[in-house]
Amino acid sequence: MSEAAGPDDPARILLVEDSETQALELRLLLEANGFSVERSPTAEAALDRLNGSLPDLVVADYHLPGMNGDELTRQLRLSLRTRALPVLMLTGARDGERQGLESGADAYVAKSDDRDLLVLRIRALLRERKAAPPVSEAPGAAGFRRGRVLVIDGSATYRTFLAGLLGQEGHAVAVADGAEAALAALDAGPEPFDCVTLDLLSPAYDGLALCRAVDERRGAGAGGAGFHLVGISGSAPGKDFLVRAYAAGADDVVAKSDAEVLALRVRGLVRRRLLEEDDRRIAGAFGAHERAVERARAEAEAAAARARLADALEQANADLATANRRLTEAQAKLVQAAKMASLGELVAGIAHEINNPLAFILAHQGTVERLLGEMPPQPEETSARALAKARDRVGTMRMGLTRIQDLVLNLRKFSRLDEGERALVNVPEAIETVLALLQHKLGARIAVERDFGGRSEIRCTPALLNQVVMNILANAADAMPEGGTIRIGTRSTAETDEIRISDTGPGIPEDLREKIFEPFFTTKPVGSGTGLGLAIAYSVVQAHSGVLNVEAAPGGGACFVIGIPRQAVSA
Ligand code: ADP
């Protein structure tokens, strides 16, 4: 409890003394004997000071102005913090001793007593405090117990009398009639003694020698380390005898004639030992509790840290997986974009090369067709047949040339040679127009569901809606020859406008989902598909910095998603 000094630090004594001269004299004496001294002139000031750090011992004058030493001791015994603090009372009055002890002081020294004896008493009190045995940490391990006293006395009568007196005080008393029985009792254990009284002047044994033997046993930890050893002397023992008794290990010497004072002393010191033991147990229990709480807290923190680490690892793994997927996607898109870009250049070159001869072949074909039309009917059958055949072939040539012209037009669209101006386009209206144009393809067999939840106007080239939506819708119709449903939905976020077109056809196998955007990739019969529809759609969407993806629709059909970033198109 006390913030006692370390083993090598001087013991700290609080001196409560009102007289300046006596305080100075005592301070000098105590300091000369190696103690560190603080002084309070009144009991009230002393109590104030004790709110701070605790000394190892209080030496209090019985006569103090205001609250006297007796009341001060009572106050100290009332507080859990100070109740086991040893108090030595100084008094000039003989009957003060009894009062001092009654109030709970641990020792009494008359001011008139020899100063050496005062120092010996102080040393005994401090020694006893240090020698206190350790207390089990388990709360309640010691439980409530009675003080245990060993009475060593050669006289059967006095032994019985003293044992009876102490027994009445509530102590558990053992008796010994001499050295042998006394040492046997101390060695017997396991119950420790709190106090041993020893008649120093018994004719039955050498009192001082036995005192030394008992003290040695105490030093060796017998009989409960740190029991209090009270020597019993004749009335008014001389200084010499007292010094020898203290030197032999007695902590206290009491006159045999004053049995009541002896009983008071024993009661006081037993009480203090029990309080100290209790304090240590409480401190131990608190310590154990605090350590348990601390351990639990540390374990909880470690568990939380482990959980956080695991979470972080899991998160990091998930992040890594996401990053990997994005990287793969980005790589695939880059490859796709690069492929489309180089194909675009190639196609643009070819389209240009074809377009020039095509232009003059078409012109000449027109001229030839016109000239053949202007020729008069041939009288000769052979000539007439040749003319008819020439007209027919020229017509077929026109059909072929028109198809080449369409193809070149598509190639130019794919390579974005015919990119239009951007304008605000009303999405639902544009989609409705495309649907009207495709009506012949859709017929009655294909139902169209609309869900226009996005922004109605977006800024884009008309080709975006006409070409892209048209190509996707035409493909959807082709994919459902037996009929089905096309769903067109629009959605907008702050950043993008999205058009989703799904059908209830067979869908697109996963391994073909990249390929379908390549030019000339088609699964349609020769003559009916060019493989350019989605390639054109892809390149138009890309010109808007957008994305064109294909997913599986809920029913297994294809779902094309056109995503157009707002910033890019409104720029
Ligand atoms: P084309 O229509 O001339 O074949 P596209 O580029 O428009 O060229 O389409 C490429 C291929 O993608 C088609 O041949 C078809 O196999 C596939 N495809 C496109 N849309 C769909 C769809 N809605 N359902 C199933 N397959 C489709």
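Backbone N, Cα and C define each Cβ position, glycine as well.
Please treat TrEMBL annotations as automatic predictions, because they have not gone through curation.
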TrEMBL record, coiled coil, of the ranges 157-202, 295-340 the matching one is 295-340
CB within-chain contacts under 8 A for Asp61 (4-aspartylphosphate), separation at least 6
Val16, Glu17, Asp18, Ser19, Gln22, Gly69, Leu90, Thr91
Applying a 10 Å Cβ distance cut-off over all chains shown, what neighbour count does Asp199 (4-aspartylphosphate) have?
24
Confidence over the domain 'Response regulatory' (148-271), expressed as mean pLDDT on the 0 to 100 scale, is 85
According to DSSP, folded down to helix, strand and coil, what is Asp61 (4-aspartylphosphate)?
strand
In the domain 'Response regulatory' (12-126), how many residues does DSSP call helix, how many strand, and how many coil?
50 helix, 24 strand, 41 coil
Under a three-state reduction of DSSP output, how is Asp199 (4-aspartylphosphate) classified: helix, strand, or coil?
strand
